[in-house]
Amino acid sequence: MGLLKQFRRVAQLHHGDDDIPIDRWQNPDLVPLPPNRRQWTDFDFIGLWSTVFLTIYGWQATSSLLSFGLNVWQAVICTIVARVLQYLIVLTLGWIGGVWHISYTVQSRYTFGIWGSILPIIVRVGVTCVWYGVQSFTGGLLVSTLLSTIFSSYQHLHNTLPASASMTTKQFVGFVIYNIIAIPLLYLPPDRLRKPLRVALVASAISIFGLSIGLMAAAGGAGQYIKTPTAAKAGSELGWAFVHGIMTLLGGNAVGMTSQTDFSRFARRPQNQIWGQAFGVLFFGLVVPVFGVLGTSAAGKLYGDVTELGLWNPPNIVQLWLDTDYHNPKLRAAAFFSSLGLLLNILALNSVENGVSGGMDFAGLWPRYINIRRGSYLIAIVSVALNPWYIIAKASAFTSALNSFGIILGPIMGVFTADYYAVRRRKVKLSDLYHDSPKGIYWFTRGINFRAYAAWILGFAPSIGGMASVDPANSIPIGLTRTFYTGFLTGYTISFLVHWGLGVVFPPAGLGQIDSYDSFGTFTPDEAAKLGIEPNLGERGNPRPGDFDDEIAHEKETAQVHGTPL
């Protein structure tokens, strides 16, 4: 027991210069951000979305829709519809963080309850681990390609792994090296990632557009897929292929969409999101996939079947250059610079979208012991155990995984949106988000909001039966499969309406309440005045007592004296 207590004492986070209390519900990474840490402008939000779309994922997602039987232009139409819907969702979710400066982790508390927030956080931790692993393995492919362009011996390295491993020895070595070089980026806090994001934006733009244009130039055009009629039959089959494509693209960004408050909380003003997100989602989210699908089509003309050779995945294309004409110095140079630019962006994407967001979620589970940095390292460690190479091996597995993310996270977004805009009318009492006193308005019933859980479950339940279609070996009724395809949007809509309805029939306590005083020092005087809150002109971390703060403070002191976890 003595060793356990000593370990817990060493593992606990310590107070920094900001003098913010660290307990069961808060640490410096979880409390609302003060004005001096909110420095993101429109351009930073463009940079954020460049790490999502000016990437291999931006190329992969639309290109993989060709495996649904869609032709190039049909895949592009799916992309346009998906990105418009995505922009509307991320803007409504991001506005919450832009106004109140809280993350997904804390947002879950006011919607699902202080204790009820644990499960939504765990769900997103799991999804983030999978996505981090997928991107890490893709980064490993790029590391492997980079080494192959430099070392002939590495290019011809003998494979010692069986076919069932779904990767080669070279790819395994690249995966290990990638995870090592990613460690320093995970060390940086989110507000210090602005410059790395801008470097990644430039490098990845050159690589993505250069690769696509180079392939089309070599093929003398965009290839046969641009002219090939759709493989899906006209009518119902084609319509469902469109639906499947749109929902796959939305599901593929489900983690990033739920992460909006994790980054919008860093905005100088809520309005900084509007044009930055519009350009990032609607421009990069449309243009890059178009170049990706055209480049994939051109690669199909040059090298063969897109699905069989995995040409929807850029590292496979670059590796083909080396495999077919290794001693061509121009081709090796092109492979080197393409891989380098894409690798820089994968590093930025993984550290921001998955490392930071997942790290913040882990911090929400154990604030006394885990901050964003420690949580990010845990995400990286767990992701390796999930065997991400099996997911990325085939287009069908990749797109099925994306859809699976969406049917769980889409309904959560619907609940969040309904709760903030329709039920609470954009009012949040920040002080009650950082304690578990039954007197707080987010205590609900034993710390759990049954309305939010009912809405979430009813949102994803219809799609559960179709999840078995992820494995092509399973024979699933077509109705269940199609319900699974539409899971993101139908789940979002059902959860929104159910939560709104339950909020009207069974209104929770404390609707319309906000703090009378800015106890966290998170608002400027002008922001506080607009919200009707007395500004904090003193030191942050020194709250002024509110209606129940004295009693809550007494409960915390009593728990600490008796060694009870907070």
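Every residue gets a Cβ built from N, Cα and C, even glycine.
According to TrEMBL:
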type	residues	note
TRANSMEM	43-60	transmembrane segment
TRANSMEM	72-100	transmembrane segment
TRANSMEM	112-134	transmembrane segment
TRANSMEM	171-188	transmembrane segment
TRANSMEM	200-226	transmembrane segment
TRANSMEM	238-257	transmembrane segment
TRANSMEM	278-299	transmembrane segment
TRANSMEM	331-352	transmembrane segment
TRANSMEM	375-392	transmembrane segment
TRANSMEM	404-423	transmembrane segment
TRANSMEM	443-464	transmembrane segment
TRANSMEM	484-506	transmembrane segment
Tertiary contacts of the transmembrane segment (200-226), as residues 6+ beyond its ends and Cβ separation under 8 Å: 46-47, 50-51, 54-55, 58-59, 66, 71-73, 288, 291-302, 306, 314, 317-318, 334, 337-338, 340-342, 344-345, 347-349
Residues from the same chain, set at least six apart from the ends of the transmembrane segment (375-392), whose C-beta lies under 8 A from its own: 125, 128-130, 132-134, 136-138, 165-167, 171, 175, 179, 182-183, 186, 313, 351, 354-356, 358-363, 398, 401
Closest-packing stretch to the transmembrane segment (43-60), where packing means Cβ pairs under 8 Å, from 72-100, 112-134, 278-299, 404-423, 443-464: 278-299
Two-stretch contact, the transmembrane segment (278-299) and the transmembrane segment (443-464), at least three Cβ pairs under 8 Å: no
Stretch-level contact, the transmembrane segment (404-423) and the transmembrane segment (484-506), CB cutoff 8 A, at least 3 pairs: yes
Top Cβ-contact partner of the transmembrane segment (443-464) among 112-134, 171-188, 238-257, 331-352 (pairs under 8 Å): 112-134
Tertiary contacts of the transmembrane segment (72-100), as residues 6+ beyond its ends and Cβ separation under 8 Å: 32, 61-63, 65-66, 107, 222, 225-226, 230, 238, 241-242, 245-246, 249-250, 253, 256-258, 260-265, 267, 269-274, 277-278, 281-282, 285-286, 289-290, 293-294, 297, 413, 416-417, 420-421, 426, 428, 430, 489, 492, 522, 531
Within-chain partners of the transmembrane segment (171-188) [C-beta distance under 8 Å, separation at least 6 from its ends]: 136-137, 139-145, 147, 157, 161, 196, 343, 346-348, 350-351, 355, 359, 373, 376-377, 380, 384, 389
